[in-house]
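Copied over from TrEMBL, here are the features:
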COMPBIAS  364-376  compositional bias 'Polar residues'
DISULFID  Cys81-Cys84  disulfide bond
DISULFID  Cys422-Cys425  disulfide bond
DOMAIN    29-162  domain 'Thioredoxin'
DOMAIN    371-500  domain 'Thioredoxin'
REGION    361-382  region 'Disordered'
SIGNAL    1-24  signal peptide
Amino acid sequence: MGCSKSQLLVVLLLSLAWLVPAWGEDKEAQVEEGVVEEEEEDVVSDELLEEEGVLVLHQHNFERALREHRLLLVEFYAPWCGHCQALAPEFTRAAGILKNDSAGLRLAKVDAMEETDLSAEFGVTGYPVLKLFRDGNRTHPIDFTGTRDAEGIVRWMRRKAGPSTELLQDEASAQEFIASQDVVVVGFFKVRGLVGRSRGSAQGFYEVASDAVDVTFGVSNRTELFQKYSVTPDTVCLFKKVRGGGARHLLGLNKEELSRFIGLHSLELVMEFTSQNSPKIFGAKILNHLLLFINKTLEPHLEILGSFRAAAPPFRGQVLFVLIDVNGEGAQVLQYFGLKSHEAPTMRFINIETNKKYPLSGSELANSTHSPSLSPQPHLMSEEVPEDWDKRPVKVLVGKNFEQVAYDETKNVFVKFYAPWCTHCKEMAPVWEELGEKYKDHENIIIAKLDATANEIVNLTIRGYPSLHYFPAGPDRKMIEYKSARDLETFSKFLENGGMLPAEDTQPVVSRVPGLQRATA
């Protein structure tokens with residue numbers, strides 16, 4: 001039978017009406033099964049945005065930032081980090097200053113909590129970390145070594161950008177240069193093309209000059225200047241103003257020795273603890289510090305400062321003399337030493353590697369001017385024992401009751417060493433309370449905590465918070481540092497196995513603590 005065109009059109013439309021829903025349903029099923037993607041993922045832009053002059057970087061625009069900026073100082077930060085929050089306004093102020101420079105110097109920041117791939121790539125484990133990227137080189141960033149204030153950041157960046165030394169071409173310019181600062185360093189080299197990228201024997205000198213941004217460096221290849229200052233080629237000379245005239249020190253070209261010597265002699269004999277000086281004090285690589293606590297508004301205290309300065313010269317390079325003004329920025333140091341402002345004037349000696357602190361009287365200082373060796377016993381901070389220290393599931397330990405509790409031969413004692421301001425400590429606190437509640441009725445297990453910022457234990461240095469240490473029962477005075485998972489289940493497993501975990505878990509570190517004799521201040 002024949003079929004008209006109109007009939008054929010009707011059949012086709014009916015067929016399509018039947019097929020289209022089925023096709024649509026099949027596509028929806030495919031989308032649900034992940035076979036068909038309805039739309040492409042959005043591509044993240046590599047656009048460079050900024051906040052208050054600071055470039056905001058992530059993994060998609062990081063490479064572009066390196067290409068477009070010759071020198072780029074990047075801060076890796078954590079939003080919750082107090083040190084990062086303190087640095088932020090200084091970093092912003094420095095960014096505003098440098099943005100107007102013509103040398104292509106920019107500052108940028110990376111949220112290390114969000115950009116975990118970038119953090120891993122550059123080995124960022126603490127915050128804040130500042131790294132300088134030069135000429136797009138991504139594989140060899142330079143660690144920031146300047147002071148962490150706006151002026152220090154700007155000074156460091158400008159030193160990295162331009163010539164690190166001033167070329168001295170005649171006697172007049174050399175004399176003017178040497179007289180311009182309290183400390184200057186001059187390199188005498190018998191080579192051409194000294195300013196700019198250095199080669200040969202001058203290489204280490206230029207590298208030191210690039211890093212030591214607080215010291216002024218000069219360089220010369222003029223024979224008449226060699227004769228004027230009685231030096232031979234490839235010699236470094238440090239000129240320093242001192243009372244009654246000047247001093248000159250001839251140095252070799254060993255980079256490490258040169259850096260240490262310049263750093264040492266660029267420090268004042270007595271350094272006052274301030275936010276500006278703090279990086280210099282801790283960057284001096286002198287482990288022994290003698291601190292004088294005074295109130296600078298009181299005349300009798302200032303007289304003591306004179307004697308303190310007079311005692312410093314024989315100790316240069318071995319002991320760093322530090323002034324703490326309890327009426328100024330130094331007040332923040334008092335708590336670290338367990339002192340009150342009314343106890344000034346007083347002195348403390350500390351080895352910053354072992355964290356051992358010693359009280360030191362004026363007579364002991366006077367007797368020690370020919371030798372830096374000290375004889376007093378370490379001074380250990382301790383709060384008073386709270387009356388209710390053992391009334392709650394988690395016992396409260398201080399320096400004065402730690403010995404009798406932790407080394408009780410009949411008890412297994414698990415101690416959390418914490419800092420009140422520590423975010424990680426606060427996060428772990430509920431779990432530690434649960435642990436205390438779980439074992440509160442066990443006769444031979446004690447769960448305890450100790451504020452390590454206010455209490456010190458001899459032969460035990462706490463380097464991070466929270467630190468967990470287990471002191472098993474018995475006469476051997478063992479101490480086990482716990483380094484495994486910090487949850488109730490793993491803690492319980494550790495305790496119920498006598499301070500041990502199964503082989504698949506991280507094993508603790510065991511050490512033996514020698515007999516203790518508590519010292520008094």
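Yeah, the Cβs are placed from backbone N, Cα and C, and that goes for glycine too.
Automated prediction, rather than curation, is the source of TrEMBL annotations.
Keep in mind the model is a prediction, meaning the values are calculated, not measured.
There are 20 other CB atoms within 10 A of the CB of Cys84 (disulfide bond), with all protein chains counted. Other C-beta atoms found within 10 angstroms of the C-beta of Cys425 (disulfide bond) number 20, with every protein chain shown included.
Straight-line distance linking the Cα atoms of Cys425 (disulfide bond) and Cys81 (disulfide bond), rounded to a whole number, equals 14 Å. Across the range of the domain 'Thioredoxin' (371-500), the DSSP-based residue counts are 33 helix, 30 strand, 67 coil. Cα separation, Cys422 (disulfide bond) to Cys84 (disulfide bond), rounded: 14 Å. Within the same chain, residues at least six positions away from Cys81 (disulfide bond) with a Cβ under 8 Å of its Cβ are Tyr127, Pro128. Cβ neighbour count for Cys422 (disulfide bond) (all protein chains, 10 Å cutoff from its Cβ): 16.
Over the domain 'Thioredoxin' (29-162), the average per-residue pLDDT in this prediction is 83.
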